[in-house]
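According to TrEMBL, the protein carries these features:
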TRANSMEM  13-40  transmembrane segment
TRANSMEM  52-72  transmembrane segment
TRANSMEM  92-113  transmembrane segment
TRANSMEM  134-155  transmembrane segment
TRANSMEM  161-182  transmembrane segment
TRANSMEM  189-209  transmembrane segment
TRANSMEM  229-252  transmembrane segment
TRANSMEM  383-407  transmembrane segment
TRANSMEM  437-456  transmembrane segment
Amino acid sequence: MNEYYIKFGSLKIGIGIILVLSLFTINPLATFLAILYLPVSAKLLWKKNEPPVLFFALLMQWAQVCVKVLYADYIFQDFGNLFLYFTDIHKAYYYSLSSLYAINIGIFLVLRNKEPITFEVIKKKFEDYNLKKVTITYIIATATLPFIILVSYLIPGTQQFFVKLLDLKWALFFMLFCRYFLFDVNKKIIYIILVLEILMSFTGYFSSFKDFFFIGGIAYIFVKRSFSLVNYMFSSVIVVLLFNLLVVWQYVKPEYRKYLSGGENAQSVTVSKSDALLKLYDLTSESENIRYEDAVVTLLDRMAYIDIFSAAITYVPHAKPHEEGRLWFDAISRIFMPRILFPNKSIIDDTGKTITYTGLPFAGSESGTSISLGYVAETYIDFGYPLMLIPLLLWGVLIGLIFNYIIKNSYNELWGYALIMPFTFQINLFETALDKAFGSMIFFVLICWFLNKYVIKKIDQYITN
């Protein structure tokens, strides 16, 4: 089993030093457990010759749990002082982090003996794909996205299917990226595509620019395998660029989204892409007036997501009893009630559920925002701590089973790796509501089955030399 997983080598010394130093911070135990998670998760989830999708997906959740702990160390404060709902924030932190450990273990139990294919086989298969045809396929897929979205609105009850169908774009992006970066070819076209995609992503209400960095980063690590000093420097520049983009985005986002929606409390775009980009340029040109440190704090406030969990711990079971599994049952039962067959199925109201289990007066859906408890907090509401760790370990088992199913049942190994790239977005957010998490996972499996049966074989035949 061990030969399949990455080895730390000389990095063990650096990891050990950092762990020792973490015990001398102002939040020693919290920091130690946060830092320890990284090598533990890497050893459990990161296999050689596989895109490290699972590790990086859960790394995003780790950041949402731990980011304020690390920032509190930097400014030399107890991390509880950085949260609005601070009464039970220490419990929320330790419950959340131990939940991520449990999920990692669940995934490992399923995948520990799964043998990845050799890198030589991977490279040979990519070599069989025609670079020009892979590029054309990606461009055509990108161009058809608006029409797919339009169809989803025209046919009632099918929106979830068509939205998940859009995930094929990320699989094609992975194939495109790897085909360019695995071989010594002119990369001008892929750089142009990346710049245009990131630029156009800003014209949407939610702006998916960070997703291109995320998927591109995973694909880059996958094809490079070993890093030189130049690779480390390049990666560092990209990370710094992304961080600063996120800082500026948090600054301009409220005003920009208000402009996109025409001043309405709706998550929609009412202006053209050119007008959106012009407005974004105007707003970002004013970003030099912001205080960088304040903008960073705003970004960290947006990233961190254990505040609501803390409020739920304060409220449950003191003011409202544990649900004894009702939330999990409701989430699972909704999977068997597709809206196209059950048009009267209740709408998921994240904010309403949050109000119910925190007792806090959040604005409802009429405000154009949605505030969820997150699947970990909902599991706590059902079972309490530490019993909540059992279903969350099983959640990890389910993730591992789906991951394994996608790779084993895809048209070939490369398409299996390509399809697990969008799987990232089913499991990367700590705030995902339980019912949405289950529905998203199962729907994604069905979409992968559909694509492998009816679409991918035709694409593969077209792009193969």
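Every residue gets a Cβ built from N, Cα and C, even glycine.
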Most Cβ pairs under 8 Å with the transmembrane segment (92-113), selected from 189-209, 383-407, 437-456: 383-407
Recorded stretches the transmembrane segment (161-182) and the transmembrane segment (52-72) touching, at least 3 CB pairs under 8 Å: no
Contact count check, CB pairs under 8 angstroms to the transmembrane segment (189-209), set 52-72, 134-155, 229-252, 383-407, 437-456; argmax is 134-155
Within-chain partners of the transmembrane segment (383-407) [C-beta distance under 8 Å, separation at least 6 from its ends]: 53-54, 91, 95, 98-99, 102-111, 114, 317, 322, 324-325, 328, 375-376, 413, 416-417, 419-420, 423, 427, 441, 444-445, 448
